[in-house]
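Single-structure report; data block below.
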Amino acid sequence: MGTEGKAGSKLLFLFTSMILGSLVQGKGSVYSPQTAVQVPENDSVKLPCIYSGFSSPRVEWKFVQGSTTALVCYNNQITVPYADRVTFSSSGITFSSVTRKDNGEYTCMVSEDGGQNYGEVSIHLTVLVPPSKPTVSIPSSVTIGNRAVLTCSEHDGSPPSEYSWFKDGVPMLTADAKKTRAFINSSYTIDPKSGDLVFDPVSAFDSGEYYCEAQNGYGTAMRSEAVRMEAVELNVGGIVAAVLVTLILLGLLIFGIWFAYSRGYFERTKKGTAPGKKVIYSQPSARSEGEFKQTSSFLV
C-alpha cells in the first residue's frame, strides 16, 4: 500500500473512532479534514465541517478577521450579507467566489437546541493574490555617519509579501551581509516582513542604485523602480561660511545702530516729534476790536 493509501486509511480510522466514541459517550463531535485552506482569488471553495452525536444539530459559522467578527451562517441559514455567494449544507459551507476580503478564520459551531451539547472547529482561509508593484522611499542623498532608512511596500499580495533589496543589481543578504564582497564595508539590516532597509551608520561605500522586490509565493515577484542614493560627507566648510556670514551681518547691524546713535539721529527724532504738545486752531471772529458793524435792525 502506498503513502496516500496509508494516510487515507488512517483518516478513515480516526473519523470512525470519533463517531463511535460520540455514540458511546452521548457527546457530539465536530471535525474538519482541512483546518487550513488556500484558494486563488475569484475561485470557488468549500470549507468542510463534519459533526456527529447531535440529535437536532444547530449549525453556525463565524468569521473573524483581525478585530472584525461576522456571522456567515446562523441556525442553519446563510445570513443576508453572504446569501448571494455562499451556500450551506450539512457538510460545510461553499463560496461560489472568494475575494481577498474573505481572508481570515472561519469557525463552525454545532450545538443542540437545548444548548447542552456543543462542539466547534476552526478553518483558516487564505485567498491567494499575487503582489503588486511595490513602492519605495529612498533618499537621494544621505550624510556619511548618519542613519538612513529605505522603505519598500505593497498592499495587494495575499498572503502578505516578503521583501528583498538589491544594490546596483546585486542581491543584498538579510543576514551576514559582510560575507559578500560587495557589502564588506557596509553596515545594514533588512526586515523582510516590513521591507525596511536600514543603514546605521551610512558609509561612503553605500552610494548606489537601489530597488526592492516583493514576493509571496503566489504569482510573479514584482520589482520596484530603481532610485540612486548618494552618501556625502558633512559640508563643514559650508557650515563655517554660513556662521561667518551671519556674524558679519550681525556686526554690521550693531555698527549701524551705534553710528546713528553717536551722530544724534535718535535725539533729533525725539525733539521733532514733541509728543506732549497740542496745537489748537480757532476761527477768527467776524467782529474785531475797534470795529462796529450793524448786523441787524428791528422795527417796532
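Backbone N, Cα and C define each Cβ position, glycine as well.
What Swiss-Prot records for this protein:
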DOMAIN    134-228  domain 'Ig-like V-type 2'
CARBOHYD  N185  N-linked glycosylation site
MOD_RES   S282  phosphoserine
MOD_RES   S285  phosphoserine
MOD_RES   S288  phosphoserine
SIGNAL    1-26  signal peptide
TOPO_DOM  260-300  topological domain 'Cytoplasmic'
Message = With every protein chain in view, what's the tally of Cβ atoms within 10 Å of the Cβ of N185 (N-linked glycosylation site), excluding that atom itself?
response = 11
Ask   = What is the number of residues in the domain 'Ig-like V-type 2' (134-228) that are helix, strand and coil, as DSSP sees it?
value = 9 helix, 42 strand, 44 coil
Task = Summarise the model's confidence over the topological domain 'Cytoplasmic' (260-300) as a mean pLDDT value.
result = 56
